[in-house]
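What Swiss-Prot records for this protein:
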- 100-104, 126-128, GLU132, ASP233, GLY278, 303-304, 337-338: NAD(+) binding site (BINDING)
- GLU131, GLU132, ASP238, HIS283, GLY309, SER310, ASP311, GLU318, ALA319, ILE320, SER321, TRP322, GLY323, LYS324: spermidine binding site (BINDING)
- LYS324: active site, nucleophile (ACT_SITE)
Amino acid sequence: MSTEPSVAKDAVLKRSEALAENTPQVSGYDFNEGLDYSKLFESYVNTGFQATNLGLAIREINRMLDCRDQPLEADQIDSHETDDFIRRRSKCTVFLGYTSNLVSSGLRETIRFLAEHRMIDCIVTTAGGVEEDFIKCLAPTFMGSFELSGRDLRERGINRIGNLLVPNDNYCKFEDWVMPLLDEMLEEQKSQGTIWSPSKIIHRLGERIGDPSSIYYWAAKNQIPVFCPALTDGSLGDMMYFHSFRQPGLVVDILSDLRRLNTMAVKAVNSGMIIVGGGVIKHHICNANLMRNGADYSVFINTASEFDGSDSGARPDEAISWGKIRKDATPVKVYAEASLVFPLIVGETFAKRHHCAGKELPRETNQV
């Protein structure tokens, strides 16, 4: 009888070194114990793959909120700040960033919940993230399919965002609503010397929409600044373009917003970043936190990869190299499509705290 080759045996049966004593073991949720969603999400940390990242993101945000819940010390109260929107409010300033497609989707209601109950301190979004919120106050967005023909939809005057459908009439209604407000802003600029910035424009629109289903209605009501460094890159920019022919002269100052955003970061006792999506919103928040030598808490949610060197795909460790996240922080990136995971994360963090604290408030009746 022949013996197995020693080279093969040594290769297959190579002895292992012991792992560190505190290394967690892989373990999933046992449904024999019943259905407890909190325990289910707690089990994600040791499930592996992106379930682990999701579980760690929930932990990171809860640590962020634990810090935010602490009262300011007497010497930390920002009594000299005259801008109510950027005044320090807690021991952790929470920056929320998201892209326009999330507002087009049902995540709008998740984001509105955060603004409604003043659970965040600052928003950074894109032009679409602004206009889509207001447009939904004027007319609905519909479910469609990724496979619908673009040629047929164009002939019917229907725009597709993934598997969502937006009739072009919605943008016509938006034009009817926003043009008089742009006239009003131009008149204030001429008569009162008002210097408009993207955040001030969004605040004015939020005040005028009069609809509590709107994110920016609540941002205006709760004095949450909304920054949009690319305000003209969307339908709102289209309206401003048309307005520049009808009533030329409106000036938008982006530098004052940069100063406000960076000042919020510099003032922060601790800083937390929750960035859903990539592109300009991700870098704008991260770069503001560079001004304080990095954020203390960070969660990124997107599907981008780092192989192409894009900022969207960059892992948190790359941000640490730039000083945008602190060296001793425990940041998390969840590689997932946001509509799948962001409501779950909010449910296990912000919403759980809100409802467990008995802070449920009566909702206002929707009105346009």
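Just so you know, glycine gets a Cβ as well, placed from its N, Cα and C.
Distances between the Cα of GLY278 (NAD(+) binding site) and those of the binding-site residues GLU131, ASP238, GLY309, SER321, GLY323 are shortest for GLY309. In sequence order, CYS286, GLY294, SER298, ILE325, PRO331 are the residues near ALA319 (spermidine binding site), counting only same-chain partners six or more apart with C-beta under 8 A. Taking the binding-site residues SER100, SER104, SER321 in turn, the residue surrounded by the fewest other Cβ atoms inside 10 Å of its Cβ turns out to be SER321. The shortest Cα-Cα distance from LYS324 (active site, nucleophile) to any of the binding-site residues (GLU131, GLY309, ASP311, ALA338) is found for ASP311. Taking Cα separation as the measure, GLY323 (spermidine binding site) is nearest to ALA304 of the binding-site residues SER100, LEU102, SER104, ALA127, ALA304. When the Cα of ALA127 (NAD(+) binding site) is compared against those of the binding-site residues ASP238, GLY309, ASP311, SER321, the shortest separation belongs to ASP238. Within 10 Å of SER100 (NAD(+) binding site), counting C-alpha to C-alpha distances, fall the following of the binding-site residues GLU131, ASP311, SER321: GLU131. Straight-line distance linking the Cα atoms of SER104 (NAD(+) binding site) and ASP311 (spermidine binding site), rounded to a whole number, equals 23 Å. ASP238 (spermidine binding site) has GLU132 as its nearest neighbour among the binding-site residues LEU102, GLU132, ALA304, ALA338, going by CA to CA distance. Close to GLU132 (NAD(+) binding site) in the fold, though at least 6 residues off in sequence, lie SER100, VAL103, SER104, ARG108, THR141, each with a CB less than 8 Å from its CB.
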